[in-house]
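Scroll down for the structure; my scribbles are underneath it.
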Amino acid sequence: MEAFYWLLFGGLAAVVAALEMSKTNRDRASTSSAFNSFKNNYLLVYSLMMGSRRLVAGSVRVLPLQPVWIREGDIGRLFIAGFGSSMLFGTIVGSLADKQGRKRASVTYCITYILSCITKHSPQFKVLMLGRILGGIATSLLFSAFESWLVAEHNKVCSWSNYNLGFGPVAPFDAAACFLAIGMAIILSTWTENYGDPSESKNLVTQFKVAVISYFFCSIASRLLSRAAPKVESYMQLVFAIAAVTLLLPVITSFLVAPSTFKGGSISFGGCIQLFGFCIFEACVGIFWPSIMKMRSQYIPEEARSTIMNFFRIPLNIFVCVVLYNHFECLHRECIPMSVMFAMCSVFLLLASFLQRRLMIVAESHRSKSEDWTSLKERDAEAEPLNI
């Protein structure tokens, strides 16, 4: 490994270690044994779920290339089917998770994804297509039911106090199925059930209405979230802006730095810049996930949390399907340059930074009105005995 890689990744490791070592007693706030047990249980389950997904993600691009009977066009259809399935069935399974229980939905995710992994053993295109559809449904459950269960259960707990090792191209899918089975066993034996709405009066149509209204109107990260200031709505503006700049680096270097014509040599100057930007972007991603989870817990109503979270994934899945369709359709002709794709993503992140600022302004406005109303009620309560 070149010295640049040692310096870059060693420096990042040093930063993480320094942040960890600089924690004070205030950062290490004392928590109850019940909360620690709850936290460790969820981290174990979610690590198994995400570990199995990473195994699949690292292999799904290689697996369709193995059988000679699958054409390039069929590979594109398989990819699009997965995201299209998540888009079509996402809100349905989200509503069912809120109504029928998030624990039950999490178990359903395990079963569905195990079945999706099993289909990879079949050489039949229809079976592979079924597996991709099941995988899309499972993805919707993974990114909604687990987090919804965590938020609801957290509130209750706080109130209480080498690649495939030579086993073939489907080996990662078999390993993922094992992880899923272990996680499902832990869920069944240790999780309690919770629901979006305890009443039985709301049906799926009502939940969809709530989701539509809310949709239209609506390591480092742990240190930021543990402090009262800056608020998550504030620092996420900077995170989105930094991420936008990092995704512009490939565009800038493509114009300002001449590409290297020597293959097999050391990393070029432009490559060093892009790698550094990629690491910064990944750091922004690491901050984004717990931060967006905190904001979702604050602004998304509890009674339809899974439904709304999957509603937000509809534009994402549409965009991914369009990009994948264009990519596979233009395999044999010139398609959109990669620099244009990076520029589009940078623009989207800048727009997200602007919308994040709007959210902060609206939230502060509502917060100040609520404080004024509370103080007014307190003054009325103090003045009431004088009027008797």
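Using N, Cα and C of the backbone, Cβ positions are placed for all residues, glycine too.
As given in TrEMBL:
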type	residues	note
SIGNAL	1-18	signal peptide
TRANSMEM	42-63	transmembrane segment
TRANSMEM	75-97	transmembrane segment
TRANSMEM	164-188	transmembrane segment
TRANSMEM	208-226	transmembrane segment
TRANSMEM	238-258	transmembrane segment
TRANSMEM	264-289	transmembrane segment
TRANSMEM	310-328	transmembrane segment
TRANSMEM	340-359	transmembrane segment
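Residues 268-270, 273-274, 277-278, 280-281, 284-285, 287-288, 291, 338-339, 342-343, 345-347, 349-350, 352-353, 356 of the same chain, all 6+ positions outside the transmembrane segment (238-258), place their C-beta atoms under 8 angstroms from a C-beta of that stretch. Comparing 264-289, 310-328, 340-359 for CB pairs under 8 angstroms to the transmembrane segment (75-97), the maximum falls on 310-328. Using a Cβ-Cβ cut-off under 8 Å and counting only residues 6 or more beyond its ends in the same chain, the signal peptide (1-18) has close neighbours at 219, 266-267, 272, 275-276, 279, 283. Tertiary neighbourhood of the transmembrane segment (340-359): same-chain residues 233, 236-238, 240-241, 243-245, 247-248, 250-251, 295, 323, selected by CB-CB distance under 8 Å and a gap of 6+ residues from either end.
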